[in-house]
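Engineer: Dropping the structure in here first, questions after.
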Amino acid sequence: MKNTFFHKIKRFFKGSPNEWKHLPKRIINPGQADLSLPNNKIITSKYTIFTFLPLNLVEQFSKMANIYFLIVGILQMIPAITVSDGLPTEYTPLVVIVIATAIKDLLEDLQRHKADKKENNAIISEKKSQEIRVGEYIRINPNEQIPADILLLNQECYVETSQLDGETALKPKQPINENIEYIEAAGPNPYLYQFSGSINGQKPLNEHNLLLRGSCLKSLDPIDGIVIYTGHQTKILLNSHNPRGKSTKMQQVMNRLILYLFIGQWLLCIFCASYFTIALSIKKQDLDYLYLNQPQVTSLLYFSNFCQNVGNWFLLFVNFVPISLMLTLEMIRLFQAYLITQDSEMSPNTKVQSSNLNDDLGQINHIFSDKTGTLTANQMTLRSYVFKNQEINLQRGDSSLILNKENIIYLLQFIFCNDIKIKNGNVLSSSSDEMALINYFLNQGVELAEDDNNYLIKIDDQINYRIEKVYLIQFSSDRKRMSIIVRFQNQLYLFCKGADSVILSRIKQSTNYQEFIISASQEFANQGLRVLLFSYKQLQNSEFQEWLEQYEKALIQQDEKILDNLQNQLEINLILSGASGVEDILSEHVQETIQELQCANIQIWMITGDSYATAKGVAKKIGLMSSRSKSILVENQKLQQIGTQVFESEKNAKNQYEISLIILGQILIDYTIEDKLNLIKLAKECQCVIFSRVSPKQKREIVELFQKCYPSFCTLAIGDGANDVNMITEANVGIGVCGIEGLQAARASDYAIPKFKCLQQLLLFHGRECYRRNTQVVTYNFYKNVLYLIPQFWFGLYSQFSAQSIYDFYVFQCYNFMFTSLPIIVYGVFDIKYNDIMPNKYKLGQESHYLNFKVFILSMLEGVYQSVLIFFFCFYFLNTTSSNGFDYGLLIQGQIIFLICIIVANTKIILLSHQIQALQIIIQILSYFSYICTILIFNNVVEYQLYGVLQEILSQGIMYIIVLFVSYLTLSVIIYQKKYEFFKSLEKVQQSQSTAINASLITL
């Protein structure tokens, strides 16, 4: 938990996000509203009418830039060092930034308030949703949203949970039919598929008895329930994601550059103050009015003058750190995010949830990708299955069922070792793997029905069986298996299916066809199919009843360790009976996308929970692993052995092969931190890397380890399931695919896209262009401030560096906010250099081509060079005496220098642009118009120092010549540079055309 001042203040107003961990179990009396627990009112808004001002101000002044300018304003009010007559002129732009940001935050939060009000006032059971209390009975009508987490009573129902996890398949819920005296429920937690409790301290409860807020009732009849959790203690609210703050690579570079600039600013101030102090001591004889020859004048007074002059110059140069930069970038990124979502190539379901990461999209070096639902479409079709020593290959056309009394026990496992519900002949399951199996058998003439706890099966209208469902142990990502206990022909059977690594460790070694099944399953995996192994064993009634009694006690006690031990105790000594191979259809255009990303020098690692053989097969299909790849399986070897294998393979390959590393998740448990880091470095040298059999925590660990090894690399993680959230939030950029597995990944991500193929357009076009434009915005803001601030330094050569300003205080403050701000915003939003994806141009971002120390120094030097031309031409050639003999001096020179700086800064935007748009021209005109209006206003204020200056400036004929000539002279370097780049690109085009013609002639 973060303990910064801002986060402490936020927790004071809104509470800790992990408060649920400390909430105790609850005893609920049905029909009695528990007033000690929260009501059902929800508040998803960030602020209230009372907390908006303090929270928003604390949040804004947690940014170093705002604190910096707050301190500067205080310094401007110190009489000894002020250069603005004691007025905090920096507060004008600071207040504009704070108010603009506050208005943006307020408007965003008002939308949340409207949504909250609508949901809280919804009528449920003749009362408002926000008035519902824990313990109350509630009735839900068909197609109504469930308003709280409730315990289902009396009748079974089906719900759709797409608002919670994105799954559109209907899920069955089991009712409680017992007489309820009291309910004991665990404290609230955010885990959607975890709930425990008991009825009257005897009958255990699980997640199948609980209807969650946000799900929708899809049964034909109303249902009744008892409210268990309300408001912010419901699972959907506890899952509300507050993404961690991520700093872009460009922001990190920019922070370093600001630090360098800040140090340079202080060195420059110290130089100026030192010059001034030395000049005072040397020329004190000529400065009688300062009384520097008095005996009481000591070195302490000179030191005081030195410190005062440092403060004066610091305030003159304060805008070296551009106050408007962060606001400008924020506005540009918001507009860029809108254009990304409106791109027809990105599909209408694209969402940008962290626009501040737009720059990082153009600098990605490494991608960590989930497999199922990301690289594949998560659309399952049964391709092959095997039982005993018989294989049915549907791709080959082996479609007939081989069903007799001898085979029935094996085929029943394929049908009933699934968590399914049957109603009116329709089969429902939340698993696409299970539906692929069931649909196949239904198409083969199998008819299924359900009567209470009995399954009825009819095959070809001839064979009828009744199977009693006795108990179900659910599948979970930790268990990687599921089991069902059934009674068939007066005999208890345990059917168990799961991943090969789990099932093979639980089987007996005595069957004749075991090797055949294992071999067939291996072949399925090599084809890229998702493999599940099926097994069974007979149970004795007494044995099972004894186990069930212990298991239900453990459920009531909610002891996970005992539950796990009991599950392992039951699911052993199994007989391997079959395997299924289900094909997960590849995501649309996944091969082309991977090829383009690899051409852009982006390395892609696949991270999956599937077996290594399945992952390897998919990798070959999508082109991640080429036909020239030589794969090395990392299973339990020591790091030194792996390194030897890799280097020997590279040595022997002689460029004939590419090295692919397949790493099993178990090795991440066995290795030390140092070995893990070395393994990541070794994997980085391989052409293809696959991590298989990894848990969600290990996915995050892999990303974290890579970032420790290569901190300068920009990483991206992409996935579609809840098990990918950890990985997505850890990477520099997290992409969520809105897939069949749910919306949790999309909600937790920085960018949500409908398909993997959109990554190509997102990175290679939008990312590349956003990075290029935003870096130009940064360097431009530094450049334009140097351009108009350094003339004050040049004037110091003539004023003994006394910190006399050549600009008017108030006009000076409008430079960044009115006169030069809008043209660069238009550039940052709309300018496009390359209309196509062009992978070969992406490396410019990976190499930080547009923003680095060299580019920064060159832009600073450009500003310094141009300031020399502007200042000295104006200083020597302008006449500052009016027709009536009044000498305006710096007033005329300063305003003309200021005008030329505006012209040069705004014209540079046009020269930088690759597309000149009408909007850019309009904005340029408005910028000049705003300057003219500002001068006209001050020109007519009698008591102000700029009164009458405009007439004197316009009356000087040489002024027009100087403005035009100096503006052209300062911009000539950029103009000739653009010409050089144009002719160079034209020469390259001609050379490529010539090469193509010669090649065609040779072919002929």
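In case you wondered, yes, glycine gets a Cβ from its N, Cα and C as well.
TrEMBL labels come from automatic prediction, so no person has curated them.
Annotations for this protein, taken from TrEMBL, read as follows:
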COILED    100-127  coiled coil
DOMAIN    37-83  domain 'P-type ATPase N-terminal'
DOMAIN    112-235  domain 'P-type ATPase A'
DOMAIN    746-975  domain 'P-type ATPase C-terminal'
TRANSMEM  257-282  transmembrane segment
TRANSMEM  310-329  transmembrane segment
TRANSMEM  782-803  transmembrane segment
TRANSMEM  809-830  transmembrane segment
TRANSMEM  851-878  transmembrane segment
TRANSMEM  890-911  transmembrane segment
TRANSMEM  918-938  transmembrane segment
TRANSMEM  958-976  transmembrane segment
Engineer: May I ask whether the transmembrane segment (851-878) has at least three C-beta pairs under 8 Å with the transmembrane segment (782-803), counting pairs 6 or more apart in sequence?
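Structural biologist: In this chain the transmembrane segment (782-803) contacts the transmembrane segment (851-878) - 3 or more Cβ pairs sit under 8 Å.
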Engineer: Under 8 Å, at least 3 Cβ pairs, sequence separation 6 or more: does that hold for the transmembrane segment (958-976) versus the transmembrane segment (890-911)?
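Structural biologist: With 3 or more qualifying Cβ pairs, these stretches touch.
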Engineer: For the coiled coil (100-127), what are the same-chain contacts with Cβ under 8 Å, counting residues 6+ beyond its ends?
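Structural biologist: That would be 40-47, 52, 56, 60, 138-140, 144-145, 147, 327, 330.
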Engineer: Using a Cβ-Cβ cut-off of under 8 Å, list the residues of the same chain that are 6+ residues beyond the ends of the transmembrane segment (890-911) and lie near it.
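Structural biologist: Those are 780, 783-784, 787-788, 791, 795, 804-808, 811-812, 815, 819-820, 823-824, 826-827, 866, 870-871, 874-875, 878, 880, 920, 924, 927-928, 931, 935, 945-946, 949, 952-953, 956, 959, 962-963, 966-967, 970-971, 974-975, 978, in sequence order.
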Engineer: Going through 257-282, 809-830, 851-878 one by one, which has the most CB pairs that fall under 8 Å from the transmembrane segment (918-938)?
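Structural biologist: Checked against 257-282, 809-830, 851-878; highest Cβ contact count belongs to 809-830.
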Engineer: Per DSSP, what is the helix/strand/coil residue tally across the domain 'P-type ATPase N-terminal' (37-83)?
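Structural biologist: Its residues divide into 22 helix, 0 strand, 25 coil.
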Engineer: How does the domain 'P-type ATPase A' (112-235) divide up by DSSP, counting helix, then strand, then coil residues?
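Structural biologist: Reading the DSSP string over the domain 'P-type ATPase A' (112-235) gives 23 helix, 42 strand, 59 coil.
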Engineer: If you average the pLDDT over the coiled coil (100-127), what number do you get?
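Structural biologist: Over the coiled coil (100-127), the predicted model scores a mean pLDDT of 83.
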